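What follows is a set of notes on a single structure, which appears directly below.
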Amino acid sequence: MNLGVDTVRSIPQIVPYTSYVTFLFQISGLVAMETNGSVMSLQDGEKTCLSSVSNETSTRYGSIADSLPTSEPSTVETTVLSPRRSYITVAVLCYVNLINYMDRYTIAGVLLSIQKFFVITDSTSGLLQTVFVCSFIILAPIFGYLGDRYNRKFIMIGGLSVWVVTTLSSSFVTESNFWLLVLLRALVGTGEASYSTIAPTIIGDLFSGAKRTVMISAFYIFIPVGSGLGYIIGSFVAKATGDWRWALRLNPILGSLGLVLLAVLCPNPPRGASDTHGGSTIEHTSYLEDVKYLLKNKSFVWSSLGVTAMAFLTGALAFWTPIFLSRAQVTQGIQPPCITEPCDTSDSYIFGVVTVVTGILGVSLGSTISRRLRDRVPNADPLICAVGMLSSAPCFFAAIVLASTSIPATYVFIGIGETLLSLNWAILADILLYVVVPTRRATAEALQIMVCHLLGDAGSPYLLGAISDALRTYQPDTHVWNLRSLEYSFLLCPFVGVLGGLFFLMTALYITKDRKNAELLAAGTIVTETDSERARLPPQTKTTLCFKFSVL
């Protein structure tokens, strides 16, 4: 005997409510009950049923509600931070971000001296960046998982403490222990993985809308600024002291100050506070469920592929450009070749200045264009990223080809290309924040970091160095061929840039829908698996039991 749903719904007219509930749970079969305004989709094509309880709100899988349910306990976060405290927090996070990227590219700024000190080839030199990024890849998902579930402030403090110790230790490695330097550079990735994964999610929880875009822009503008200062300060300190290792000792000192500021001034804001005006009830889900959700988010997937192409391009250019320009000047007779360290680091200094200026200009311009176009063009953000990537590719191609004949022209095209590429930094972070629900943002940051570094700048410095070493075997020990071998390996970068632009164009096709879905989930509205099936619960209804059962 099979009882349909309509038959069961008639029971309350015959028996008292309590007897009705007892009757339901005594019947063999599947009984499904949700009392907090959520949705449950039954298998085998059953109807979707909505239910809620008066004065209660949903704690739907991955969603956020505005008030506390009266039944089962949940993770409650209700702290409201003042605007002044929020701005101070962003300032501290920006400072630590600056130091992180200064340290990342200080090695590149003194790479020529490191090559002479340890007597290593191009491919071996590339390992210094590759192992750092590889540890970053391994640890980012772990910190992403922890960042969505535990105190984010304590996680960042722990990671940055490891970063300070390992960075300082790497400056004391002797010339016979190059592989110890490689190991310590790998451990440096611990601090950056904890910080880069979690810090943007804290900003996302402090601000929303246009303010979030501005704050994210302020945070990400320190990526090119920090990178450029890494070249500038690294080359300046190495030249002033006559020892490249002192360039590595400055960053831990500045990082220690950032660690203190982080511990004293930064809070751990409620997850999703900016989306729910200060308070939220959050139901955490398993890591596997979070990953499944993100893989179904097409905007997240395609934008992550675009970020990967961008990471490949920037990683290779940032690591090898100073040496490439130095070899170009040696070939033209502008400067003599470096025989013993310390080597001339003027190219690192100039490249650092160009990176800082173009970074500030590009990030500011990109965020401004995004704010002005977003209301009129819903998919403006990925389109801006696509234009930036596609336009920068021919600029970098021209810079690579012209290096052997004109250094000024090379710097001009590098500046234009970096400006176009920097349009994307703040926009990319904002895309992730508004297409992913707050309870999964740290996981999303971690997965995106893992993918973009694994397939991007983890391998690009080593790959270009390996190609250069392979080509140099045809005409070894000639200055012209030393330049040409690195030039030919560099030509891979513009093609990857074009590929990244195409990935962002694909993102533009899905971003409007995915952003709306994330907003509905954050507001407590249920979005079903099918795009056309959406339901929003009325604020107050009586409890309804939805089930399927059979009596044999």
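Yeah, the Cβs are placed from backbone N, Cα and C, and that goes for glycine too.
Feature annotation from TrEMBL assigns transmembrane segment to 87-107 (among others).
According to TrEMBL, the feature domain 'Major facilitator superfamily (MFS) profile' maps to 89-512.
The transmembrane segment annotation in TrEMBL covers 127-147 (among others).
Summarising the annotation, TrEMBL assigns transmembrane segment to 154-172 (among others).
If you look up TrEMBL, you'll see 214-234 (among others) marked as transmembrane segment.
Positions annotated as transmembrane segment by TrEMBL: 300-320 (among others).
The transmembrane segment annotation in TrEMBL covers 349-370 (among others).
Sequence-distant contacts of the transmembrane segment (382-403), counting only residues of its own chain at least 6 positions beyond either end whose CB sits under 8 Å from a CB of the stretch, comprise 299, 302-303, 306, 309-310, 313, 317, 324-325, 328, 362, 366, 369-370, 373, 409-411, 413-414, 416-418, 420-424, 427-428, 431, 483, 487, 490-491, 493-495, 497-498, 500-502, 504-505, 507-508, 511. Residues annotated as transmembrane segment in TrEMBL: 382-403 (among others).
Here the transmembrane segment (409-437) has Cβ contacts under 8 Å with residues 62-64, 200-201, 204, 212-213, 216-217, 219-221, 223-224, 272, 293-294, 297, 299-300, 303, 306-307, 310, 313-314, 321, 325, 328, 350-351, 354-355, 357-359, 361-363, 365-367, 369-370, 381-382, 384-385, 387-389, 391-392, 395-396, 398-399, 402-403, 444-445, 448, 497, 507, 511, 514-515, 518-519, 521-522 of the same chain, all six or more residues outside its ends. The transmembrane segment annotation in TrEMBL covers 409-437 (among others).
Summarising the annotation, TrEMBL assigns transmembrane segment to 449-468 (among others).
According to TrEMBL, the feature transmembrane segment maps to 488-511 (among others).
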Maximum Cβ pairs under 8 Å to the transmembrane segment (87-107) - stretch from the list 127-147, 154-172, 214-234, 449-468: 214-234
Intrachain neighbours beyond the transmembrane segment (127-147), with Cβ under 8 angstroms and 6 or more residues off its ends: 104, 107-108, 111, 114, 155, 159, 181-183, 185-190, 192-194, 196-198, 201, 287, 315, 319, 442-447, 449-450, 453-454, 457-459, 461-462
Chain residues in Cβ proximity to the transmembrane segment (214-234) (below 8 Å; excluding those fewer than six residues from its ends, i.e. six or more beyond): 90, 93-94, 97-110, 199-200, 203-204, 206-207, 244, 247, 250, 318, 322, 345, 348-349, 351-360, 362-364, 366-367, 371, 418, 422, 425-426, 428-430, 433
Same-chain residues near the transmembrane segment (300-320), Cβ under 8 Å, at least 6 residues beyond its ends: 105, 108, 111, 126, 129, 133, 227, 294, 355, 382, 385-386, 389, 392, 396, 421, 424, 428, 431-432, 435-436, 444, 447-448, 451-453, 455-461, 463-465, 486, 490, 492-493, 496-497, 499-501, 503-504, 506-507, 510-511, 514
Long-range neighbours of the transmembrane segment (154-172), counting only residues six or more past its ends (CB under 8 A): 96, 100, 103, 143, 146-147, 181, 184-185, 187-188, 190-195, 198-199, 245-246, 248-249, 251-252, 255-256, 258-259, 262-263, 266, 268
